[in-house]
């Protein structure tokens with residue numbers, strides 16, 4: 001399944017004016033220098049599909065709710081759960097679910113991607129299993145140096161599509177370094193990870209995908225600087241510890 005085109009290319013010029021070098025949204029995200037995930041080792045991973053093409057990722061955080069990046073917003077969604085390969089028809093243990101209600105964070109700032117998260121309500125609850133399972137959101141904010149796992153189906157470093165879900169470990173970068181690298185775009189709703197000498201990174205096909213730290217959902221793929229996988233240039237993630245109250249209230253109210 002091919003990734004859709006970059007939905008935020010319309011404001012690339014604005015971003016280039018703000019920061020030396022061009023930036024790219026995670027919404028065509030590739031996993032750089034990662035490897036095949038163990039099958040169904042990330043049972044919370046969701047694929048947001050439109051016209052049979054992956055356009056973003058998401059994370060199952062409740063039997064009827066998926067968390068994703070706000071810049072992935074659409075009027076309706078087909079969401080794949082329990083998937084390892086996007087090429088397999090009716091993969092055992094998988095489920096395709098429709099969704100028509102999504103709630104973007106009220107302070108989401110599209111040009112700058114601050115507060116870049118939204119909740120998508122599935123039309124029906126899913127039954128959790130070995131291949132489909134929700135994950136808890138971290139209540140503690142990330143610590144610099146922590147090793148975390150990011151996953152996705154986007155393009156590989158060689159430009160080819162992976163046949164199965166890809167995983168890569170990246171380290172959290174300090175707020176001081178992150179804010180300097182992405183000034184003036186940086187916002188407290190963001191944090192950085194990656195940018196090490198191993199050039200491991202998330203990048204263009206996977207906005208809204210999960211960053212898992214210590215078994216908890218710590219962040220969502222948001223954006224980064226092109227080309228991906230540069231030494232000293234980490235990717236940017238939505239800092240979910242800042243939004244636990246909003247997420248809980250939104251789920252309860254709907």
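Each Cβ is built from the backbone N, Cα and C atoms, and glycine gets one as well.
Copied over from Swiss-Prot:
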ACT_SITE  71  active site, charge relay system
ACT_SITE  116  active site, charge relay system
ACT_SITE  207  active site, charge relay system
BINDING   40, 91  Zn(2+) binding site
DISULFID  37-167  disulfide bond
DISULFID  56-72  disulfide bond
DISULFID  141-241  disulfide bond
DISULFID  148-213  disulfide bond
DISULFID  178-192  disulfide bond
DISULFID  203-228  disulfide bond
DOMAIN    31-252  domain 'Peptidase S1'
CARBOHYD  169  N-linked glycosylation site
SIGNAL    1-26  signal peptide
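Features per Swiss-Prot, on structure.
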residue	record	contacts (Cβ under 8 Å, 6+ apart)
37	disulfide bond	84, 151, 164, 165, 166, 167
116	active site, charge relay system	69, 70, 71, 105, 108, 189, 190, 220, 222, 223, 238
178	disulfide bond	186, 190, 191, 192, 234, 236
213	disulfide bond	138, 142, 146, 147, 148, 149, 172, 219
241	disulfide bond	137, 138, 139, 140, 141, 142, 218
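Of the listed recorded positions, namely 169, 207, the sparsest CB environment within 10 A is found at 169.
In this structure, the C-alpha atom of residue 91 (Zn(2+) binding site) lies 19 angstrom from that of residue 56 (disulfide bond). Residue density at residue 56 (disulfide bond): 34 other Cβ atoms are found within 10 A of its Cβ, drawing on all protein chains shown.
Listed in sequence order, the recorded positions from 40, 56, 169 having a Cα within 10 Å of the Cα of residue 207 (active site, charge relay system) are 56. Ranking the disulfide-bonded residues 141, 148, 167 by how many other Cβ atoms lie within 10 angstroms of each Cβ puts 141 at the bottom. On the backbone, the CA of residue 72 (disulfide bond) and the CA of the residue listed as 'N-linked glycosylation site' stand 24 Å apart.
Neighbour list (residue 40 (Zn(2+) binding site), Cβ cut-off 8 Å, at least 6 residues apart, same chain): 82, 84, 93, 130, 131. The CA atom of residue 56 (disulfide bond) is located 20 Å away from the CA atom of residue 169 (N-linked glycosylation site).
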